[in-house]
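What follows is a single structure, written as structure tokens, with notes after it.
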Amino acid sequence: MKFAEHLSAHITPEWRKQYIQYEAFKDMLYSAQDQAPSVEVTDEDTVKRYFAKFEEKFFQTCEKELAKINTFYSEKLAEAQRRFATLQNELQSSLDAQKESTGVTTLRQRRKPVFHLSHEERVQHRNIKDLKLAFSEFYLSLILLQNYQNLNFTGFRKILKKHDKILETSRGADWRVAHVEVAPFYTCKKINQLISETEAVVTNELEDGDRQKAMKRLRVPPLGAAQPAPAWTTFRVGLFCGIFIVLNITLVLAAVFKLETDRSIWPLIRIYRGGFLLIEFLFLLGINTYGWRQAGVNHVLIFELNPRSNLSHQHLFEIAGFLGILWCLSLLACFFAPISVIPTYVYPLALYGFMVFFLINPTKTFYYKSRFWLLKLLFRVFTAPFHKVGFADFWLADQLNSLSVILMDLEYMICFYSLELKWDESKGLLPNNSEESGICHKYTYGVRAIVQCIPAWLRFIQCLRRYRDTKRAFPHLVNAGKYSTTFFMVTFAALYSTHKERGHSDTMVFFYLWIVFYIISSCYTLIWDLKMDWGLFDKNAGENTFLREEIVYPQKAYYYCAIIEDVILRFAWTIQISITSTTLLPHSGDIIATVFAPLEVFRRFVWNFFRLENEHLNNCGEFRAVRDISVAPLNADDQTLLEQMMDQDDGVRNRQKNRSWKYNQSISLRRPRLASQSKARDTKVLIEDTDDEANT
């Protein structure tokens, strides 16, 4: 592998600009070689002066890069030292509190189940758990910094070696010895000491001396590009997707030849439509995950996932394919129910019952950690006013806004099984056209409108909670106003529908109000998508016209196509209203809704790419590469002390004027000496060397 590719694959994305600009140096060297005057047409002194002038410029650029790397490394190392001292203080405090309350100094002797502990013991248990997670994330940050150190040194060695080869000189090697090999970022070995001390602390204080268990907890995933999925996972993805395609073809043929024309298929479509949208969403989320990894958008950090254990795009494809097969089989079983002893209405219950069981399955199988993370996230979303709202919380609530049809179809299914289904008929899900009452899919009894507002309500109260926590009216209250327009839009749609059915004279009043609020909502959300969520139309965009100063994805066309797509699908409702209000075709509203619901899921899929890109660039601006695990809250005294430390002569000053350093943990100058500190072991992370000159 060429070193440029190796460097690109192994850098920490949030620190990209702080690495050696290897490709820029290569371009400088090759340009100088191509533009050099030929010895055949000019004298030798002119050629020497040309290369001497180039070398002066080249080494000046090297000095700037070296200064940048030294400064950044020193800043991150100082941050790591402060963080380590804080974690040691918190650990010592937890151990002291544990000793006072239980009379036991080690964690080994605390074997009571969590639900048998007192409130104080529960708090201590939670603190220890948080400390384990905090040390794990801290260790990851140390490995990233060590990787930064090794990659930059290798980069300087490679580019200076290439310099000497092209210019046929040894001045590059001399410059490396005189400058790089004595640079603080290379000579400083404190990072290795911190790694060893962290391993020792976790082993002796948190894992009862079990080094194997400690290293399993601290294990860092391979740095670099996404690792290939296990062969069996890849096999299952291909198998499931192939079966799903074949079953879909079978479904189309069965629908053509098996369905009876005197039967209404809409109850069946409404019941199975939500399942299809969920499968589509999972599949597109897999594509999102793949795209983020390829572009270097660190979605693992953004969603605060465990970097050591999380679902890849292959796993999401596998789940989507498996559920897709079950969905097709269930629908096929409904078509062929007349020749079986099982009534039609059993199959949807079996399908969705299995999906629910798959999600809440308490055994540690079938991606237990990921399912548990999703359940916790769903709980936080539906109890939004009582928790601080993180990125993953409002991201999931935004997804629910695009999946509102699933909630409405779930409400329809419950209503249909409760009020409309004829349990004594084997074809209960395919009633006669004359017998379809049509109560459940209308706004008549009010529940449907409430269900339609639930996703917008969740985001609305999340915005209010964020305003309460930050006291910032913009953007949180303004964003809440965006979601509040949905309430008016749904209300007037419901009033228009019910008044139209009853033939009231004021029907058109509600129709016009519905249209007005639909326009307001669409314009509001479109502007917010493009400007706030995606960060586009930045006045400092420079050559990236109508975009932003920095973009992650390689082609500008992606952004322009996404803008056009968002505009079209945000106003697709105009087509729906035009058709339903002018045509006499029965079930025209259901037909349009069935067509546009998957398109809305697709719109959210595109939105996800650019929303996470914008969040990733925010993390890059703050050089945030690991999760901030809060062990103890930061109070006013701690904040003052932190600012004093930042202003000390031996401290590292913030180089970004518009940014203030914030830590979620208490800061203390006291650094207690734990027993584990005398047992530190050296740990090294090997960076693949690519010494062959052909590979540079």
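Numbering starts at 1 and runs along the chain as displayed.
In case you wondered, yes, glycine gets a Cβ from its N, Cα and C as well.
Annotated features, as they stand in Swiss-Prot:
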type: BINDING; residues: ASP398, ASN401, LYS482, TYR483, ARG570, ARG603, ARG604; note: phosphate binding site
type: DOMAIN; residues: 2-224; note: domain 'SPX'
type: DOMAIN; residues: 439-643; note: domain 'EXS'
type: INTRAMEM; residues: 366-383; note: intramembrane segment
type: MOD_RES; residues: THR690; note: phosphothreonine
type: REGION; residues: 158-165; note: region 'Important for inositol polyphosphate binding'
type: SITE; residues: TRP573; note: site 'Gating residue for phosphate transport'
type: TRANSMEM; residues: 229-259; note: transmembrane segment
type: TRANSMEM; residues: 265-296; note: transmembrane segment
type: TRANSMEM; residues: 310-337; note: transmembrane segment
type: TRANSMEM; residues: 344-365; note: transmembrane segment
type: TRANSMEM; residues: 389-422; note: transmembrane segment
type: TRANSMEM; residues: 430-471; note: transmembrane segment
type: TRANSMEM; residues: 473-503; note: transmembrane segment
type: TRANSMEM; residues: 507-534; note: transmembrane segment
type: TRANSMEM; residues: 554-585; note: transmembrane segment
type: TRANSMEM; residues: 588-626; note: transmembrane segment
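Features recorded in Swiss-Prot, as mapped to the structure shown.
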residue: ASP398; record: phosphate binding site; Cβ contacts under 8 Å, 6 or more apart: ARG459, ARG604, TRP607, ARG611
residue: ASN401; record: phosphate binding site; Cβ contacts under 8 Å, 6 or more apart: PRO455, ALA456, ARG459
residue: LYS482; record: phosphate binding site; Cβ contacts under 8 Å, 6 or more apart: SER521, TYR524, THR525, TRP528
residue: TYR483; record: phosphate binding site; Cβ contacts under 8 Å, 6 or more apart: ALA456, TRP457, ARG459, PHE460, CYS463
residue: ARG570; record: phosphate binding site; Cβ contacts under 8 Å, 6 or more apart: SER522, THR525, LEU526, ASP529, ARG603
residue: TRP573; record: site 'Gating residue for phosphate transport'; Cβ contacts under 8 Å, 6 or more apart: TYR518, SER522, PHE596
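According to DSSP, TYR483 (phosphate binding site) sits within a helical segment.
TRP573 (site 'Gating residue for phosphate transport') falls within a helical segment according to DSSP.
With pairs at least 6 apart in sequence, the transmembrane segment (588-626) and the transmembrane segment (507-534) have 3 or more Cβ pairs within the 8 Å limit; the two touch. Residues of the region 'Important for inositol polyphosphate binding' (158-165) grouped by DSSP class, helix first, strand second and coil last, total 8 helix, 0 strand, 0 coil. For the transmembrane segment (229-259), the list of distant contacts is 265, 312, 314-315, 317-318, 321-322, 324-325, 328-329, 331-332, 335-336, 430: same-chain residues at least six beyond its ends, Cβ to Cβ under 8 Å. Here the transmembrane segment (265-296) has Cβ contacts under 8 Å with residues 13, 16, 225-226, 259, 311-317, 319-321, 323-324, 327, 330-331, 334, 348, 351-352, 355, 399, 403, 405-407, 409-410, 412-413, 416, 420, 429-431, 436, 441, 552-554, 587, 590, 594, 597-598, 601-602, 604-605, 608-609, 612-613, 616 of the same chain, all six or more residues outside its ends. In this model, the domain 'SPX' (2-224) carries an average pLDDT of 86. Listed as Cβ neighbours of the transmembrane segment (389-422) (distance under 8 Å, sequence separation of 6 or more from its ends, same chain) are residues 267, 270-271, 273-274, 277-278, 281, 302-304, 345, 348, 352, 377-378, 380-381, 428-429, 431, 435-437, 439-441, 447-448, 451-452, 454-456, 458-459, 462, 465-466, 469, 593, 597, 600-601, 603-604, 607, 611, 615.
Annotation note: ARG603 (phosphate binding site) sits in a helical segment as assigned by DSSP. Take ASP398, ASN401, LYS482, TYR483, ARG570, ARG603, ARG604, the residues named in the record as contacts for phosphate: the widest Cα to Cα gap among them comes to 18 Å.
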